[in-house]
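The feature phosphoserine is assigned by Swiss-Prot to SER151, with similarity to another entry given as support. What Swiss-Prot lists as cysteine sulfenic acid (-SOH) is CYS215. Under the heading motif 'KxHxx', Swiss-Prot lists 219-225. Marked as site 'Required for the recognition of 25-hydroxycholesterol' by Swiss-Prot: PHE115. According to Swiss-Prot, the topological domain 'Cytoplasmic' annotation covers 1-28, 89-103, 149-153, 208-225. The transmembrane segment annotation in Swiss-Prot covers 29-51, 71-88, 104-126, 130-148, 154-175, 190-207 and is backed by similarity to another entry.
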Amino acid sequence: MAEGETESPRPKKCGPYISSVTSQSVNVVIRGVVLFFIGVFLALVLNLLQIQRNVTLFPPDVITSIFSSAWWVPPCCGTASAVIGLLYPCIDRHLGEPHKFKREWSSVMRCVAVFVGINHASAKVDFDNNFQFSLTLAALSVGLWWTFDRSRSGFGLGVGIAFLATVVTQLLVYNGVYQYTSPDFLYVRSWLPCIFFAGGITMGNIGRQLAMYECKVIAEKSHQE
């Protein structure tokens, strides 16, 4: 190359650490948005199932009236779903125990189907008493965890989510923020913890699968570079 010629300036590349952090942050935001909309969708679907039994977490006209007293329930469910879905893989990494049991999308879809089925059963099946109903739902919820999760961290988080969500829900009801459309409050209270537990396991599985897919994409990009 002649001395008079000058090299054209090349675009500066970010360091690998900055690039990695930026990529991870964007991926976390994308996963959070996806989980949020999944949570909103499931909240609306499950509410339609519960309408069959006249037991809903928000009035049936919530979509038609933006001034409904519980219009905020679906967004809250979406936010909780995003937090849970991001928390599960984070806890797995923190404990150094990556979840590898049934890590494919077909298993996740079956988990979602079983979760919806449990909710459908709670709306359709009649039991002699609330204790029998609660025991059946508890067995189904634990069966969902055993079939699609089997991790100690998943079970512990599921129990914690069920307890916290049930307490928050009852506090909102007691304070008159919103109320159930069914007069049988004991019936509602009997299935809430089981549904919250199964919902936590389901969203945790979705979050883990999204995180694993993200890791695969990042690994493929690093190999190409």
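Glycine is no exception: its Cβ is also placed from the backbone N, Cα and C atoms.
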- Message: Taking only same-chain residues 6+ apart in sequence, whose CB is under 8 Å from that of PHE115 (site 'Required for the recognition of 25-hydroxycholesterol'), what do you get?
- Response: LEU42, LEU144, ALA198, GLY199, ILE201, THR202
- Task: Go through the chain and flag residues at least 6 beyond the ends of the transmembrane segment (29-51) whose CB is under 8 A from any CB in it; none is fine as an answer.
- Result: 57-58, 60, 63, 73-75, 77-82, 84-86, 112, 115-116, 119-120, 122-123, 195, 199, 203, 206-207, 210-211, 214
- Note on the structure: Near the transmembrane segment (190-207) in space but 6 or more residues beyond its ends, with Cβ under 8 Å, are 31, 35, 38-39, 42, 46, 81, 84-89, 107-108, 111-112, 114-115, 118-119, 122, 130-131, 133-134, 137-138, 140-141, 144-145, 148-149, 154, 157-159, 161-163, 165-166, 169
- Which of the three DSSP-derived classes (helix, strand, coil) applies to PHE115 (site 'Required for the recognition of 25-hydroxycholesterol')? helix
- Item | Reported mean pLDDT - the topological domain 'Cytoplasmic' (149-153) | 89
- Item | Residue distribution over DSSP helix, strand and coil in the topological domain 'Cytoplasmic' (149-153) | 2 helix, 0 strand, 3 coil
